[in-house]
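Noted in TrEMBL for the protein shown:
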- 232-355: domain 'Palmitoyltransferase DHHC' (DOMAIN)
- 30-62: repeat 'ANK' (REPEAT)
- 102-123: transmembrane segment (TRANSMEM)
- 129-147: transmembrane segment (TRANSMEM)
- 159-176: transmembrane segment (TRANSMEM)
- 182-204: transmembrane segment (TRANSMEM)
- 277-298: transmembrane segment (TRANSMEM)
- 318-338: transmembrane segment (TRANSMEM)
């Protein structure tokens, strides 16, 4: 009960759950259980953890209130749906998983983009461009509106399917809707870049996600690890030790070694083994988008000069809408690519950038624990070499015996140390 009253989130509730603690103890004054306290604090993740571990949802306090009486109906529904989802994902059969609300929403978001595009083509065929334009704007507003109320884990497949289907449409427009206004050599170059980018994309989709296996015997292994290795960092979700580069991804709900960030566009974690492929995907996608937008603009302008506004809208309505969407794609691809190359050149990861932690330092003398590479950036030659090493040799994370890792390991295992020494002094 103290954990529920004094904390927010899963920790340390999950520890007591794994220790098989009795979850229905009541407070002497109020009669509240740990579940009552979690719900009252709106710690819904902790409440879900307690319910899945067997806490009594119907137990009442001295006021005759159940835990659900302490929250509104929307929060009650949220908790119940999360409990049902977690139970199915952890213990459900294949049939139960495929008919669960979680799976069906994922399936819906994985197909809605294709359905919307097919509907758009049907509308254009039977009506005109202006009806399609109004429908596109309305659907965009609708998606944004529902995106504010539907949780990310349920809509996780939407960015993936969006990138997939939009990429196919862009290629189709480039091939079939340009009326021969683009030279064949440029078309061949664009199609080649698209094919390379798509290959990198599908490699990322189907490659190993990099997740570390969870402990199957958490409590004894925790005791053994602490007594044997004296570990400084531990994941109490996966119940495994964490090294300086591992991170528990909240979206995948797994620990990933060499973690960089979770990318919603591939619905996977980017980590040390697929970082080069991800960077190459961003680069080729950027190259395609920055060439695609001017080419489409050129075709539209030439069609306007040759056929007039009304005929251009009638003949190239899909292209005009695609041009508007692709402008945002080009800006997004530019931002992502620039960010990735900037971080790689400075030898930092996305998660390190977010946390603003110590990542690099000189290999001699004493270095302050507050040292940040953002304030002491590497030279331009070093930046180019870092990018070169990743793209050509797939080498971004240093080897375990490098000074970089010596510094990282030292800084992660010392208790609140104010200084980190990378070499021994006499």
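A Cβ is built for glycine as well, from the same backbone N, Cα and C atoms used for every other residue.
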Sequence-distant contacts of the transmembrane segment (129-147), meaning Cβ under 8 Å and at least 6 residues beyond its ends, amount to 116, 119-120, 123, 155, 158, 313-314, 317, 320-321
Report the mean pLDDT of the predicted model across the domain 'Palmitoyltransferase DHHC' (232-355), rounded to a whole number. 87
What does DSSP give as the helix, strand and coil breakdown of the repeat 'ANK' (30-62)? 16 helix, 0 strand, 17 coil
Could you tell me what the rest of the chain brings near the transmembrane segment (159-176), counting residues at least six beyond its ends with Cβ under 8 Å? 109-114, 117, 182, 187, 190-191, 194, 197-198, 201, 205, 264-267, 288, 292, 295-296, 318-319, 322, 325-326, 329
For the domain 'Palmitoyltransferase DHHC' (232-355), what does DSSP give as the number of helix, strand and coil residues? 75 helix, 19 strand, 30 coil
